[in-house]
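Data first, discussion second: the structure below is written as structure tokens.
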Amino acid sequence: MDILHYSRLQNPTNKLLRPHPRLTVPSTSSSLSLRRFSVRSSLPLPVQNAKYNRELRAAVDAVERACCLCVDVKRSLFTSDGRILEKNDHTPVTIADFGVQALVSLELGKLFPSIPLVAEEDSAFLRSNNLVNSVVNVVTDKASSQDKALTQTDVLEAIDRGGKFGPNPATYWVGLALVVEGHIVLGVMGCPNWRVDKSNKSTSKISGMIMVAHVGCGTWSKGISDLQNGMNWIKCLVDGYTLVHKGRFCISESQTWESLPLSSSFGSTTNVDNVGVKEVLLLPTCCGSLCKYLMVASGRASVFIQRARDDRVWDHAVGVICVQEAGGKVTDWNGDQLDLAADEVERRALFPPGGILVSNNSLHKEILHIIASNSTVVS
């Protein structure tokens, strides 16, 4: 479930990821692995009395628990002396993916049983690969207090709830974004392996980051380990770059700069100290689309551009509201808003003409013009 990014992370080069001067992210040192804990996460002050504050609080709670689950699963990959265990399959990633979805489904389902959930996984794979007990164990460890112990049936039904979707619901969760009457009204995403800058140093340490957004209330971020200690939320703002060649770009790991229409106007480089006149800076980034949205929303990148592929709503919905509430813009390559209901039956797929453009807003119109001038794909 791609609300979180953990074991597959390739952490971005710290030098490139310092936020725009309008945003400073605090460093933390607390452990992320909280076991059998009770969460009462505070919300940013402007959100505390917002229309959907109860739903947002529940989503923050679920993401914090899920981040801790991911950290524990990742730790299972290492020996006591820090060496990486040899694993030829993707079992830990699979357990974390299914564990996150089950945990989120259980936590949201307890408070909002009538709101359906659109999510990625179903339990058939777990059943056929004898992984059910492993997922039950990691979920039980992080779930909120239960009157009775979780059973295999509880966890499997929670996972499969993400695949059951009635016709035209007015309100539904997609990942950890809440959609009401076709509009995303809140979103929460977490990155437990996010490296937070140390002040004025070229090294970084893992603190993890959580980002929240509520319509009309802005986007806010906090170190995951800060959620319990009263540290203030940091308001997120997109960067202020107004010239395309000065902007900082993210692209999908599966795509090359040369495959994108902007390559007809600009070359690219990853060398921050040697960006040519007709080049743009490409940032090394974490895996997954949501990390790119996080970078744009927090002012660490100016643009995320992606050619259309097998796009799933949960890879984008949370990021959309986080970028928009931080002052940015998200459209397809025609300049239209993403249609979350394009998949009329399941609400799972996106069909953006050409691709998806995420920006700081200042660069959006010019980039759309370049795309239209150099692309024959947009239709």
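For all residues, glycine too, the Cβ spot is worked out from N, Cα and C.
Lifted from TrEMBL, the feature list:
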BINDING   E120, I159, D160, D315  Mg(2+) binding site
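In this view, the densest Cβ surroundings among the binding-site residues D160, D315 belong to D315, judged by other Cβ atoms lying within 10 Å. With respect to Cβ neighbours within 10 Å, the binding-site residues E120, I159 differ, and E120 shows the lowest count.
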